[in-house]
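Report on the following structure.
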Amino acid sequence: MSQRTEHNGSWLRNAGSLLSVLACVAVLASPASATPASAAAAAAPRTDDYLKRAERILKFTPLIDGHNDLPNFIRKTTKNQIYEGKIPFEDELPGHTDLKRLRKGRVGGQFWSVYTPCPDPPVPIDNPTWSVRDTLEQIDVTKRLIEKYSRDLQFCGDARCARRAFRRGKIASFLGIEGGHQIGNSLGDLRRVYELGVRYITVTHNCDNAFATAQSTVADGLPDTGLMKPFGIEFVKEMNRLGMLVDLSHVSANTMRDTLKVARAPVIFSHSSAYAVSNHLRNVPDDVLKEVAKNNGVVMVTFVSRFVNVENPDAADINTVVDHIFHIAKVAGWDHVGIGGDYDGTVYLPKGLEDVSKYPHLIARVLERGATTQQVRKLVGENILRVWTEVERIAKRLQKTELPNEAYWEGRNWTRPAKRDLNADFEGRSVPLFTSASNGDFCD
């Protein structure tokens, strides 16, 4: 064999070896030969992918939050003065909510809470307070804020308006009252605030009233007497007749149960979570969740750290809230869960949900946990809109056969005497204007 032939044969042998090595490398690099772990990692969607999915859903489905306390923030910080730059709503406010962050959070609709606190110290139910006056002021400032920023916000009083506003690129804005004390325990005042645009009333806040027992009463070790009878029942009936959403956040467990027995329309929990996940009395027990499903209502999950993780509020994070969402969906069904953050109503929020800009991140986590697009659409807005539409439909039917309810609290004093004697000088004689016979019961 010549030197050249030997050299060529050596080259061919080396080339064949090189090709064999390259073939092995190609086989090892192919998907079929990849390890299960590496294949799963390559196929698994990234967090960014879930966030993009969440953004797409919120582009076509309005995210409607059940409870935001921005009006109370305005009351406390500016005494309800919103003009001349006192509330730069288009910029970043110190609290949790402003236009910039609402837009970033893809908010499509918001129930603004026109909250005023329970009397402190507590007073007898029939004692006069400033609660009704303060409530009217909160309605006023909220409507003025909506009007001032009408390029971005639209005041709405029904579910159809909410959808129209969303299609126009505006944030639909609704009003909710947080406690029966705010209407003076009066069905007449209930009707008046409905006329002003209020569309839900929380039956109690953190105080009992003439309608029902609050969870705070039970937390103080007092009996859970539930819905007051008969006046509380008449209150619920009149709310149903009006088309006012009955909100059961803040009420005691027996008030929840009693109300669900007598309600003629779906109820809501505007900002409550699951008691089985975190056993705080502000949350909803499983037996009540099952009744909410039968009632066709909705529980809108709140974010308050001490409610969603009663054992260790500091450890609460975005996944804790997802736990509550999935528990309610498991017990009541995906048709009966929503979102009610309680922004600007607390200073204690879970990590990852620090302000209203974080909703897409929450929805991304819900998708990552395994929820379908349709389930998420129900969660963010379709459920509360369905409930509201049904409440309106039932109200129209009831109004055809029922007159406004004239019930009143049995303990009410209808002839409240003046606190001081006002004397009038009549023909030179001092004559008592209010006598024991009249008891001050006239209005000349």
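The count begins at 1 with the first shown residue.
Using the three backbone atoms N, Cα and C, a Cβ is placed for every residue, glycine included.
Features reported for this protein in Swiss-Prot:
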| type | residues | note |
| --- | --- | --- |
| BINDING | H67, D69, E178 | Zn(2+) 1 binding site |
| BINDING | E178, H250, H271 | Zn(2+) 2 binding site |
| BINDING | H205, R282, D342 | substrate binding site |
| DISULFID | C118-C207 | disulfide bond |
| CARBOHYD | N413 | N-linked glycosylation site |
| SIGNAL | 1-34 | signal peptide |
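On the structure: features taken from Swiss-Prot.
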{"residue": "H67", "record": "Zn(2+) 1 binding site", "contacts (Cβ under 8 Å, 6+ apart)": "F111, S113, G176, E178, S249, S270, H271, M300, T302, G340, G341, D342, G345"}
{"residue": "D69", "record": "Zn(2+) 1 binding site", "contacts (Cβ under 8 Å, 6+ apart)": "S113, Y115, D342, Y343, D344, G345"}
{"residue": "C118", "record": "disulfide bond", "contacts (Cβ under 8 Å, 6+ apart)": "G179, H181, H205, N206, C207"}
{"residue": "H250", "record": "Zn(2+) 2 binding site", "contacts (Cβ under 8 Å, 6+ apart)": "E178, G179, T202, V203, T204, H205, N206, A214, Q215, S216, R282"}
{"residue": "N413", "record": "N-linked glycosylation site", "contacts (Cβ under 8 Å, 6+ apart)": "D126"}
How would DSSP class H67 (Zn(2+) 1 binding site) in three states?
strand
Determine the most Cβ-crowded residue among the binding-site residues E178, D342, using a 10 Å radius around each Cβ and all protein chains in the structure.
E178
Just report the maximum Cα pair distance in Å for the recorded substrate binders H205, R282, D342, no decimals.
14
Within the same chain, and leaving aside E178, H250, H271, name every residue whose CB is within 8 angstroms of the centroid of the CB atoms belonging to the recorded Zn(2+) 2 site, in sequence order.
H67, S113, Y115, G179, T202, H205, D247, S249, S270, S272, D342, G345
I want to verify one value. Collapsing DSSP to three states, which class is C207 (disulfide bond)?
strand
